[in-house]
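Per Swiss-Prot, these features apply:
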| type | residues | note |
| --- | --- | --- |
| DISULFID | C53-C111 | disulfide bond |
| DISULFID | C153-C197 | disulfide bond |
| DISULFID | C239-C290 | disulfide bond |
| DOMAIN | 29-122 | domain 'Ig-like C2-type 1' |
| DOMAIN | 219-304 | domain 'Ig-like C2-type 3' |
| CARBOHYD | N40 | N-linked glycosylation site |
| CARBOHYD | N66 | N-linked glycosylation site |
| CARBOHYD | N136 | N-linked glycosylation site |
| CARBOHYD | N148 | N-linked glycosylation site |
| CARBOHYD | N279 | N-linked glycosylation site |
| CARBOHYD | N287 | N-linked glycosylation site |
| CARBOHYD | N300 | N-linked glycosylation site |
| CARBOHYD | N315 | N-linked glycosylation site |
| SIGNAL | 1-28 | signal peptide |
Amino acid sequence: MVRRVQPDRKQLPLVLLRLLCLLPTGLPVRSVDFNRGTDNITVRQGDTAILRCVVEDKNSKVAWLNRSGIIFAGHDKWSLDPRVELEKRHSLEYSLRIQKVDVYDEGSYTCSVQTQHEPKTSQVYLIVQVPPKISNISSDVTVNEGSNVTLVCMANGRPEPVITWRHLTPTGREFEGEEEYLEILGITREQSGKYECKAANEVSSADVKQVKVTVNYPPTITESKSNEATTGRQASLKCEASAVPAPDFEWYRDDTRINSANGLEIKSTEGQSSLTVTNVTEEHYGNYTCVAANKLGVTNASLVLFRPGSVRGINGSISLAVPLWLLAASLLCLLSKC
């Protein structure tokens, strides 16, 4: 068995001319295709590329080669790549077909012809386009309010994809450019949520992925509602707070913590709490304190359960009159789940 050895690239022109001289005649060349400069052919990755070469001189000898060596010499295939074959729709065609094109196929290809008069060449430059693909993106992140956040989104593709960041809210801002990094300085609670990274080029539809940003912040009382109560009836005080993580609630009266007992019932869900008196008596009238706390802080609001006709306002207000030791004790208790 004879083993074929690819010649050195520097010797390819000489080898090719010698090879062409040995080839049998038969394939002509259309000289008009060989008088112009290099043609560019653009093909999407995975598609089939056809590099055209048409001849007209019946006494010519033809070969295809690229930077790696000789691909075809006449009808003799030198390349070991099964994706490569000749395309002959008619007797004068000597085109090269490359199936399932990949990025390593990109480069210059030469159709070289030895005519009766002089050698001629036609060059084709194959450009391989690649759809955008996000290769790396930040994981979901949780930070405290006021921190600096950097999100990363890296993508591959040809041409180079353009990266666009967008905050997925009704009024979310779009951050556009070729930067892979999105920096948020001093992040606020309003900037929490999902961020979308979009990588786009002209080859196909964009590749899109998301990152969730959670912003922790201390509790803020958003609503505290006092209530009018008639003796012998049921009455409730309600308190709502905004916080991440969700706050824990406690109720106090006269610096004494209240538990669900003796006709009092406390119900707390995420972000809100209520204190219900099942059967109001004279001793239940007065000031109550709702305390909301999470690992970042504690706040409180003062509410009033008042008699019918009292001149006291209906809406409670945030109060700083509660002793600091009580707030500190409440926070420690909530954090330790006492």
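Cβ coordinates come from backbone N, Cα and C, glycine included.
Bear in mind that the values here come from a model prediction, so they are computed numbers and not experimental data.
Ranking the recorded positions N40, C239, N279, N287 by the distance of their Cα atoms from the Cα of C197 (disulfide bond) places N40 first.
Here the glycosylation sites are N66, N136, N148, and the one with the most other Cβ atoms within 10 Å of its Cβ is N66. Cα distances from C111 (disulfide bond) to the glycosylation sites N40, N148, N287 are smallest for N40. Residue density at C239 (disulfide bond): 27 other Cβ atoms are found within 10 A of its Cβ, drawing on all protein chains shown. Comparing CA positions across the recorded positions N136, C239, N300, the one lying closest to N279 (N-linked glycosylation site) turns out to be C239.
For the pair N136 (N-linked glycosylation site) and C153 (disulfide bond), the C-alpha distance works out to 6 angstrom. Taking Cα separation as the measure, N300 (N-linked glycosylation site) is nearest to C290 of the recorded positions N40, N148, N287, C290. Within the domain 'Ig-like C2-type 3' (219-304), the DSSP-based counts of helix, strand and coil residues read 3 helix, 57 strand, 26 coil.
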